[in-house]
Number of protein chains: 2
Amino acid sequence: MSESLAPRAAALDAADELAGARKLFALDDAVYLDGNSLGALPAHVPDRIADVVTRQWGQLRIRSWTEGDWWTAPERIGDRIAPLVGAAPGRIVVGDSTSVNVFKAVVGAVRLNPDPARTDVLVDATTFPTDGYIAESAARMTGRRIVPVAPGELAGALGPATAAVLLNHVDYRSGRLHDLPSLTAAVHEAGALAVWDLCHSAGALPVGLDAHGVDLAVGCTYKYLNGGPGSPAYLYVAQRHQAAFDSPLPGWTSHEDPFAMSHAYTPAGGAVRGRVGTPDILSMLALEAALDVWDGVSIDTVRAKSLALTDFFLECVAAYVPEGRVTSLTPAAHAERGSQIALRCDEAPRVMDELIARGVIGDLRRPDVLRFGFTPLYVGFADAERAARVLAEVLSEQPRD
Amino acid sequence: MSESLAPRAAALDAADELAGARKLFALDDAVYLDGNSLGALPAHVPDRIADVVTRQWGQLRIRSWTEGDWWTAPERIGDRIAPLVGAAPGRIVVGDSTSVNVFKAVVGAVRLNPDPARTDVLVDATTFPTDGYIAESAARMTGRRIVPVAPGELAGALGPATAAVLLNHVDYRSGRLHDLPSLTAAVHEAGALAVWDLCHSAGALPVGLDAHGVDLAVGCTYKYLNGGPGSPAYLYVAQRHQAAFDSPLPGWTSHEDPFAMSHAYTPAGGAVRGRVGTPDILSMLALEAALDVWDGVSIDTVRAKSLALTDFFLECVAAYVPEGRVTSLTPAAHAERGSQIALRCDEAPRVMDELIARGVIGDLRRPDVLRFGFTPLYVGFADAERAARVLAEVLSEQPRD
């Protein structure tokens, strides 16, 4: 092993303007590099949840729907997420799972672009599978067909038959960041609508939904937004589409006057139209509390630290890990890198087990990918150095397959 | 006012074999008759949620998905609900809102009965609005049409054009109980599938899904099942339909091997096929904890107490409330009564405000319905007597409109 990079790590941590955010989280001595799967617990969330359960539900009970913070939670929390993804207030609503929101968004996009000659919904062929499965269902139910396409080949696939395109901003496996502004522009050039999945970018890097003219977007809140396991996802609808947005799931809470209990459906305006059923309050208010950690944090600062962290981790891996044992699947170019590093490794399953046993928590993507997520609010440079060092130790002890 | 019925109430409470269940809930001195909207907090739930948040999320983090109780929660909790609605294990899956599950169920029913001559989806015209809105969307997206029909007129509306029928077991407004066995048989006689919404019956009375051959069913868990505000709903698919059930929301967690991250969708067998996205763990495990209050409780005993409570409340209202001020919309016949009493009252909004101010918590259904839910696990006969007494006091002080 080459010279230790620990002193460099210490210097980088000392200069890190986000270093103070780590104390906002409940963390232990492990290096937690799985925040791109499940964000760590913000330390103040348990007390807030206890209040929601014991006082708001247990004591106020039904009054919390009208007198408390319950009914408007989906749009209120949407407005808390909005600045992190470059959206103005009133464009994001929280609720349901990412999959359900993909369905709303893809069906909504096709209905916003209803020319029957536009028969195709292009779907990122490298996407997280649920997006493909759900887009397939959305296409089937709107009389369209799915065309899988790699994001790099999108330009050649777009055409007069394209109704909508569903893309992932950051690939969940490789960590590749796609060029949202230029891809969105290309989609628009072809007369189609762009739907973006922000699961692996929101909270890790600037998105700029409004600025880049994205049509619809969805994302989860349990990764970089630390909302808790399975916390509600969100839907973004650009302002210019809101009046015509036609949800396939027009539940009662998206009605313009839900408590009129009218048998005729009249949709509410704005983001509220993306609501469906009764909001899941425990999970929603846990998410709302979790978002407090973003107060005063600039997403540009987060992005700068994320790139510095992943650069440094790759440098440590190159320095410590014997040649040829791992290969980065994550692009070296900053413009193409999200906030994770994916390393291909022949012995990946055994290596990840051993890393976890030694307090370096990443995850495995079968069959051979070691995935390390870097969450700038609570991961530091010493963590990155230790992760690479332990990885080198584990590999040096593991026979090659 | 006539002679007090308080001594009768005391005697009935003394003989109540469910009286001991009340101590399982966090209750105060109010009479809580809104458990048909939001069930009371089971007293042990806050500690269980604190463990989920602080230890499972905060300390174990991502390990809880694989080593803990998270991943299998939807089907495991479905199996806890199953005996309360007369279903065998493996037929119910928990997750998403009731509205989303109505969509799965109605689309699923049409796809199970795909004869194009069956153009109609009959929907209870008296139903909670979201069922109608969502069924309309399901019909639109499967090339069918909605036909609203009052449950009493169902027999005449069924025919060779009927694909599926969506009915509410208990009407949310009037508290009328519909005859699930005979209506299901009539639907089957017409060659159609029966989808039942159990929101206002599950946990209040026997349902008998398997025994009566119901095809699909949905229900919420935050009323009589006390799962907490907006807690996840559930979907039942009869065993004979599971292999052909074709969900419109085929999210990755319904895949037969979700972590293969395959681009081809192969649905899991059994109830798991009704899953969609990542389960919402905080809300789900709160519900799971809440279901502990049913341990050792017979739903037949619950039903017997429910009818005794609503009988007694109507008796107290008749005895105490001046003639002509309220009219019960809830059927007198036990076979047609759910677990609530709905009283029409000209001054309903002001009266309900005043009842709540005096510690009798019901709710208002605009414009003129006072709704009182009787949850046998924690409402007693003295509560019913007090509610009627306070109602009489309020009305005697209120000018008639």
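Here the Cβ of each residue, glycine as well, is placed from N, Cα and C on the backbone.
Taken straight from TrEMBL:
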- A:Thr98, A:Ser99, A:Phe128, A:Pro129, A:Thr130, A:Asp131, A:Asp197, A:His200, A:Tyr222, A:Trp252, A:Thr278: pyridoxal 5'-phosphate binding site (BINDING)
- A:Lys223: N6-(pyridoxal phosphate)lysine (MOD_RES)
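Features as recorded by TrEMBL, highlighted on the structure.
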residue  : record                              : Cβ contacts under 8 Å, 6 or more apart
A:Thr98  : pyridoxal 5'-phosphate binding site : A:Thr130, A:Asp197, A:Cys199, A:Val218, A:Gly219, A:Cys220, A:Ala233
A:Phe128 : pyridoxal 5'-phosphate binding site : A:Asn168, A:Tyr172, A:Asp197, A:Cys199
A:Tyr222 : pyridoxal 5'-phosphate binding site : A:Leu38, A:Gly39, A:Gly228, A:Pro229, A:Gly230, A:Ser231
A:Lys223 : N6-(pyridoxal phosphate)lysine      : A:Gly35, A:Asn36, A:Ser37, A:Leu38, A:Gly39, A:Cys199, A:His200, A:Ala202, A:Gly203, A:Gly373
A:Thr278 : pyridoxal 5'-phosphate binding site : A:Thr253
Where A:Asp197 (pyridoxal 5'-phosphate binding site) sits in the secondary structure, as DSSP reduces it to three classes: strand
Local Cβ density at A:Thr130 (pyridoxal 5'-phosphate binding site) - other Cβ atoms counted within 10 Å: 27
A:Thr98 (pyridoxal 5'-phosphate binding site) in three-state DSSP notation: helix
Extent of the pyridoxal 5'-phosphate binding site in Å [max Cα distance among A:Thr98, A:Ser99, A:Phe128, A:Pro129, A:Thr130, A:Asp131, A:Asp197, A:His200, A:Tyr222, A:Trp252, A:Thr278]: 31
A:Asp197 (pyridoxal 5'-phosphate binding site): tally of other CB atoms within 10 A of its CB: 27
Secondary structure at A:Thr130 (pyridoxal 5'-phosphate binding site), reduced by DSSP to three states: helix
